[in-house]
Amino acid sequence: MKCEHCNNTFKNNSILRHHQKTAKYCLSIQKKKGVSVSSLYNCQYCNRSMSQKIDLDRHYLSCKKKTEYGIRNEYEEKVSILTEKLTEKDEIINELKLHIEKLQDKLENIAIHAVKRSTVTNNVSNKTQINNIIQKMDPVTQKHLIDHAPNLTIEHVQKGASGYAEYALEYPLKDRVVCVDYARRKIKFKDQEGNVITDPEMAKLAPMFFENIKKKSSELVYGLNNQEMDSSMFEQVAKLFNTNADVKNCSEGIKSEFFHDFVKHVCSGSVVE
């Protein structure tokens with residue numbers, strides 16, 4: 001029996017039909033001719049064609065693409081579950097942080113009132129000191145922030161808001177910002193034209209800072225993502241994904257708990273005593 005498509009010869013009709021349904025080179029010729037091969041069973045994972053359903057079922061038992069698909073789905077499901085659990089924990093932690101911060105602010109206010117008399121005397125001296133610092137400061141420019149982005153490490157990211165503040169004070173904002181009022185989280189810095197900017201709550205500088213490091217931050221976090229992680233590593237990486245989302249929100253000016261925590265640490269590290 002001769003195949004009408006590829007001209008190969010076979011002993012009988014049964015072998016010929018099997019050949020026309022399974023031989024890749026013959027199927028390729030049929031496809032070019034526009035011959036329908038709809039009776040074939042295709043693997044939904046690797047697109048391999050079978051002439052019978054039993055062959056397709058047998059193929060599924062060893063299909064590498066199907067196995068990879070299953071592993072990937074299982075991995076994504078674990079990440080989703082862990083992320084949900086971490087979100088619940090973070091909500092509790094955030095509530096506790098807010099409570100602690102309120103208590104700390106009360107203590108700071110008590111301390112401020114306790115030394116109010118000496119503060120009046122020191123105000124003139126502090127203003128002179130602040131003005132001297134501002135005169136020596138270099139501008140904070142977008143280029144300067146971008147140039148320092150490679151100095152951000154995964155260790156900074158793992159520490160959360162305090163880690164990003166540590167990086168900021170060690171690299172791009174070092175000797176370029178000064179906190180003039182810690183209670184109000186008010187800082188001063190120079191823009192690219194050399195103008196002195198008064199920035200309460202870092203409303204201008206913080207989004208600019210995070211906008212220019214969010215790409216590097218994402219690279220560090222996604223660099224830890226692999227399929228060989230155990231459950232404890234999954235939990236750690238999921239937490240870092242949340243931190244990376246906080247960085248993105250800060251770059252858009254969203255004043256989250258992470259944002260306020262970062263501002264607090266920057267002010268604490270740059271305040272004039």
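Yeah, the Cβs are placed from backbone N, Cα and C, and that goes for glycine too.
All annotation found in TrEMBL is predicted automatically rather than curated by experts.
Annotated coiled coil per TrEMBL: 86-113, in sequence order. Mean predicted confidence for the coiled coil (86-113): the pLDDT average there is 84.
Residues annotated as domain 'C2H2-type' in TrEMBL: 1-22.
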Could you give the number of helix, strand and coil residues in the domain 'C2H2-type' (1-22) as assigned by DSSP?
10 helix, 2 strand, 10 coil
